[in-house]
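Since the structure comes first, as structure tokens, the remarks are kept for the end.
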Amino acid sequence: MTEESEETVLYIEHRYVCSECNQLYGSLEEVLVHQNSHVPQQHFELVGVADPGVTVATEATSGTGLYQTLIQESQYQCLECGQLLLSPSQLLEHQELHLKMMAPQEAVPAEPPPKVPPLSSSTIHYECVDCKALFASQEMWLSHRQTHLRATPNKAPAPVVLGSPVVLGPPVGQARVAVEHSYRKAEEGGEGAAVPSVAAATEMVTEVELLLYKCSECSQLFQMPADFLEHQATHFPAPVPEAEEPATQQETLVPSPTEAAVSQPDPLPASDHSYELRNELRNGEAMGRDRRGRKPRRSSSGESGATQELFCSACDQIFLSPHQLQQHLRSHREGVFKCPLCSRVFPSPSSLDQHLGDHSSESHFLCVDCGLAFGTEALLLAHRRAHTPNPLHSCPCGKTFVNLTKFLYHRRTHGAGGVPLPTTPVPPEEPAISFPEPAPAETGELEAPELPVSEESSAEPAAPGTYRCLLCSREFSKALQLTRHQRFVHRLERRHKCSICGKMFKKKSHVRNHLRTHTGERPFPCPDCSKPFNSPANLARHRLTHTGERPYRCGDCGKAFTQSSTLRQHRLVHAQHFPYRCQECGVRFHRPYRLLMHRYHHTGEYPYKCRECPRSFLLRRLLEVHQLVVHAGRQPHRCPSCGAAFPSSLRLREHRCAAAAAQAPRRFECGTCGKKVGSAARLQAHEAAHAAAGPGEVLAKEPPAPRAARATRTPVAPSPTALGGTTSAAPAAPARRRGLECSECKKLFSTETSLQVHRRIHTGERPYPCPDCGKAFRQSTHLKDHRRLHTGERPFACEVCGKAFAISMRLAEHRRIHTGERPYSCPDCGKSYRSFSNLWKHRKTHQQQHQAAVRQQLAEAEAAVGLAVMETAVEALPLVEAIEIYPLAEADGVQISG
């Protein structure tokens, strides 16, 4: 197979990865040759009973009864039957023969081998090959062997001696899990101490089994891929099958003699390790096992092709594989072992120790799709291919594989008696996502936001063979990946608990990153500013501040964000969705932490308290600045643009100053009124204001209207006839965004929060009292500025003259003294001012003059009206003499006729 590469020169895609060390290769031959380096040559020496520690070479003419057997291994070996092959092509052809064996062949009962005397009739002790220490159980021996593995990780493999467990260390430079060996005690076959023959020794050596499949979740080892796949299914939630007809009472309660023999627990513990030596004879009779050492499964219906089930004699629990039954029986005999960090349960202390090593290991490579962390980049690259819609090796059942060998072994599980292949991929059911119920508005508790389902994802069908998430429109190649994505991303399942503070998380990697907050460990420094972080994800988000990249952009206003979660929260503003309401003042927020920060202003007690004085602060930065200035007597680092103080230069470099952004040159110009703004988002918001005000109004160039006129002005949509066209010929006007209108003064606002703050002007509400003097304010920022009057803090200093101010706005007004800028001009007389407050005071003089002029005009008008009445009465006297006045008969009235 030739190496396939992309059209680009810089990137070459490797299609094959080694399952042991995760190295990437471009052809199958290279990875097969490389995998041969992971299989060490193993020497099995059969030692006599009298002196098990002595090794004697075999001689053809000797009659001592000691033998030495050497197992040779070829370059290419079938992992299923152990046959040796000479080339990769022969290995592939041989594996295809296994695929064609769809129907299981009936095993021909072999002749019973000659009786082999036991190796030892006494109790077996487990001996360590390094320090010669003896142990009474496998668990104690395994725990002891872990100390040697951690001390000497690159030790060369030692010879395996029958009768004593041996641990083979990994080769130098290979990051592999050590392959452990253990042996089961041989059964007593009869009396006598005859030395086994060469044929018997050879047959015993051929019974050594290699367990090549290791579970990544619990580190258990398996020989057959079917047992490995069945075990892996226990770690993932399987779909609930339809209700089947219950078995008859006879099948459930009356087991057959064969079933009773199978359901009994083994007298010896099952081996979990890579090699297992079994004596197949018991008192001259073969045990009920096949040629590979597997127990025969019990059929629930009596037919060979039916579903096979195994029952536990202690609790009547049903299992689908002998390995599951053996693990369950071990839990009855030895109990279970629980992890103190993640509450997972393991059947043996060795698997628990290996799992605890996963908690302490570092994972530097994070998958951006599912959040899983990996120790090497090769593992991450191999994992990333599972997220692609068209993986390298895809099975019709929905599973994908990167390694061709594992894919071929998986295909055999769909043979006769296995899992049938689906004719068409079954689309996943709509996930039942549960969110916490929102609290009533009057309780003041947090209300959970409802995530809107995208109309595009529901209307647009997914590609054939893929599964699409209905909430975020992402596509997956397997239903299992979609289920995992919905569980970790959209569902609020938090099953992993921190053992220190009790906080719950969705993934174990999140717990590991969270534990570093307790230990203070920050192993991921930024290469630009050297700031350390406790997780690679936080480091990746931080590096966006240096590059200036904002990959997540809002489609409504064009504003860009560094995180997708921030964009989702921002879109709630456009949707006018504010689910979090304050019980005290009724202000609503679209983020829960903003409501939490808002509540501190009502209580007056802030979360960050100083240990040396009774003061408290809303932000940790303010507390650090306070401790630096007041208690340490040092000057903080200040931003030259806005004057904000920071405890360190690193925090100052991270600061993104809004004042500096406002002083930057404005490059975006409005096509309607010519106004220039500093960003595309502000330009779109400004153009939206034009659309809300109507096409006939100009916002920026016309002088500001009087306050009464601005308060009563409302946008009026012009009719088609007023624009000079007919209703049929005029094009459809674009949908305009209407702002939020105040019911009292008809003033328009762009956000709900601005409207809520404005309404306090009409209601007179001031929900933010000062804890020092009791003065109340309408906004929390006004209270924060006011409290500096009590503390005497003036954090905003002028860089020209050194004068300090308590409010940043006062500093901005003061800078105009040095620059001579007067941006606020009066529309009536043209006089300009440095601050808006001075302009407002000046406008009051015009209003007073205008009111005085109006009063004078009214007085003059009243005087003119009175004079005109008097003059009219004098001139009418001659006319009154000619008027006849006579009484009415029906009513007391006067009728004048001339």
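Just so it is clear, glycine is given a Cβ too, placed from its N, Cα and C backbone atoms.
The compositional bias 'Basic and acidic residues' annotation in Swiss-Prot covers 273-290.
The feature compositional bias 'Low complexity' is assigned by Swiss-Prot to 707-734.
The phosphothreonine feature in Swiss-Prot is assigned to Thr726; the stated evidence is similarity to another entry.
Per Swiss-Prot, zinc finger is recorded for 16-38 (among others).
Swiss-Prot lists 76-98 (among others) with the feature zinc finger, giving sequence analysis as the kind of evidence. Across the zinc finger (76-98), DSSP helix (H, G, I), strand (E, B) and coil residues number 11 helix, 4 strand, 8 coil.
Feature annotation from Swiss-Prot assigns zinc finger to 213-235 (among others); the stated evidence is sequence analysis.
Taking the zinc finger (467-490) as a whole, pLDDT averages 78 in the prediction. Annotation comment: Swiss-Prot describes 467-490 (among others) as zinc finger.
The zinc finger annotation in Swiss-Prot covers 496-518 (among others).
Residues or ranges marked as zinc finger by Swiss-Prot on the basis of sequence analysis: 524-546 (among others).
Per Swiss-Prot, the feature zinc finger maps to 552-574 (among others).
Secondary structure of the zinc finger (608-631) per DSSP (helix as H, G, I; strand as E, B; remaining residues coil): 12 helix, 4 strand, 8 coil. Under the heading zinc finger, Swiss-Prot lists 608-631 (among others).
Residues or ranges marked as zinc finger in Swiss-Prot (evidence: sequence analysis): 637-660 (among others).
Residues annotated as zinc finger in Swiss-Prot: 740-762 (among others).
Residues 598, 601-602, 604, 618, 757, 760-761, 806-807 of the same chain sit 6 or more residues outside the zinc finger (768-790) yet have a Cβ under 8 Å from a Cβ within it. The zinc finger annotation in Swiss-Prot covers 768-790 (among others).
If you look up Swiss-Prot, you'll see 824-846 (among others) marked as zinc finger.
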